[in-house]
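Pulled from TrEMBL, these are the features on record:
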- GLU313: active site, proton acceptor (ACT_SITE)
- TYR400: active site, proton donor (ACT_SITE)
- HIS312, HIS316, GLU335: Zn(2+) binding site (BINDING)
- 476-639: domain 'Peptidase M1 leukotriene A4 hydrolase/aminopeptidase C-terminal' (DOMAIN)
Amino acid sequence: MIDPHSFTDSTHPLTTHVSLTLYFHFPSSTIHATALLTLQTPHTGPLSLDTRSLTIHKILDPATLTPIPFALSSSEHPIKGRLLTVYLDNNSSALILYSTSPSSSALQWLSPPQTFNKTHPFVYTQCHPVHARSVFPCQDTPAARVCYSAKLNLPRELSAVMSARHCDRHDPVGTDLDGMLTNEESGFGFDLKSLWCEEGRVVEEFVMEQPIPPYLFAFAVGELGFREAGPRTRVYSEAVDAVLDAAAREFAGTEEMIRQAERLFGEYDWERFDLLVLPPSFPYGGMENPRMVFLTPTVIKGDASGARMVAHELAHSWTGNLITNKNNEHFWLNEGFTTYAERRIVEAVQGEDIAALNIGNGWRGLNEEMERFKDNMEFTKLKNNQEGVDPDDMYSRVPYEKGFQFLWRIEHQIGRPAFDEFLKKYIATFKFKSIDTETFLDFLKANVHGIEKDIDLQLWTEGTGIPPDAHEPVSNLYIKITSLAKDFKLGRMPREDEVANWTGQEWELYLKNLPRAVEASQVTHAKDHLDLCKILVHLCLVFEQVLALDARYRLSESKDYEVKVAFLQLAISSRCRDYYGEVEKTLKEVGRMKYLRPLYSGLVQGPGNEEEKILAKRVFAEARECYHPIAQRTVEAIFAKHV
């Protein structure tokens, strides 16, 4: 096996191309589909494919339409799904007829009431890290890069976007399904050809001619609109003028970021860099799907600071999409490089102080992750063992921020000009390839002679925790904000003139560096009455300070979710129950895991908080159906550990 999260067999040929026809049936939240898989070479014997929540109707030789034998494992692996074994006889391709299920882990189907306009349904994918297999049978590992084409059949009033070039929109015709069998022979149990050509349907065609890992396969279908945001960029969302206009303003500087990125990393290879702002249920900040980046609406802040997320997804166009981690055990190769590249873009466009704020927020986040994983330090390694581990469960800032710190350490050692040349050579050498940590380290040592004598490469990539030569950023603005955060412990909050020019990033850094309130466990383990009194007095003081801070600056009402959630975390840790209504509202209006995880965790962790646990369980029960399946499982895992 080449991937702990995939059934893909290293002795089998890899798929090079997938041709899909997808019929969207919104009433049943189902896609009826065909997938034509083309292999590197003809193959005789078993071929292992990944599936999850798929019904396989039939597999055919596309040349003769004769059935190909196959077997689907009877039990489902909790992480990998079900193994589909196809028994080939000198075949170089196979046509798979299948249907998805409403429980597909990649798909979120939104009913009209869950959308902005409340008129039409909406569906979108989130295939990273191991969910493409719930949309089509595949070798669902980043090691298997594929090109693809797709025909999407959908209601005429809707439209589609994909991580691919749009080719055509036309009335459905029978030739769209060339090679399909009759109703009785197909195994669907209904006549797909008749459904395909029904009145009121339309077909959208797409093609991706560059090889991408399966997790970058993406589509969204709904009532979509767009605004032009640059020569290479359109901003899409549901057809709501207010959302489209706000997004176009927020991301107006995208073309300048693309130009700066090309100066740093080489030519942009994907032609278009379009953006899709998804409904609030989207579980991530962004997803770097080539040609069509998916974004959460929470990045639209009204002050252009949401461009930081766009910079991150843009940077993936080189590090992640062009060069990809071979499997999720080497995820830092995607995210560490991209976080470094993002901050270089931000520095070039917005200046060193803003880049330092980003690094400072990341440094704080990295230290928080060390605390989160103190009982499982394996997850604090850059290169780690994920056998038997669901990659969604161990998703964290570690590969982003520790990976960034590693590359920043190399830059400091050899100087920025030399590191820039190294980066360009690295990207050019491994373009459209999937690599592992060892490949990177070998390339580093071959091109930066003696680097292993100056930096402990093994400690950085295989050691736990934060290496001693990692460091915080240094800038006047960063030092000023962290100093003000320390003053809070002494009972002093910042004056209005000190924060007059702060944006969300400054407030986020300030709030993340405030001292946390005493944990309930410290109350439980007080040494004596005097110790207990000291702790309770401290809790009361923090409680009053939190109330006073919000009374002055209204942080709990911030339109910037980074600020709002950072403040609500502080309120929860201080047991300021006045804010639990705002916590509930936030958990019900967004599905981004960056916010769900700390808020739910803050409510349920530790002893002596039964009221908070009851609140968390009630809110989740009421909000669950509005979360993406990935986010649902994340919250359920938090409850399983703490409730």
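Quick reminder: no glycine exception, Cβ is built from N, Cα and C everywhere.
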Do you know offhand how many angstrom separate GLU313 (active site, proton acceptor) and GLU335 (Zn(2+) binding site) by C-alpha?
10
Please give the average pLDDT for the domain 'Peptidase M1 leukotriene A4 hydrolase/aminopeptidase C-terminal' (476-639) in this predicted model.
89
Measure from the CA atom of the residue listed as 'active site, proton donor' to the CA atom of GLU335 (Zn(2+) binding site) and give the result in Å, rounded to a whole number.
5
Any further residue of that chain within 8 Å (Cβ to the Cβ centroid of HIS312, HIS316, GLU335) of the recorded Zn(2+) site:
GLY286, GLU288, GLU313, ALA315, THR319, GLY320, ASN334, PHE337, THR338, THR339, ALA341, GLU342, TYR400
Long-range neighbours only, meaning 6 or more apart in sequence with Cβ under 8 Å: which ones does HIS316 (Zn(2+) binding site) have?
GLU288, ASN334, THR338
Does TYR400 (active site, proton donor) have same-chain partners at least 6 apart in sequence with Cβ under 8 Å from its own Cβ, and which are they?
TRP332, GLU335, GLY336, THR338, THR339, GLY362
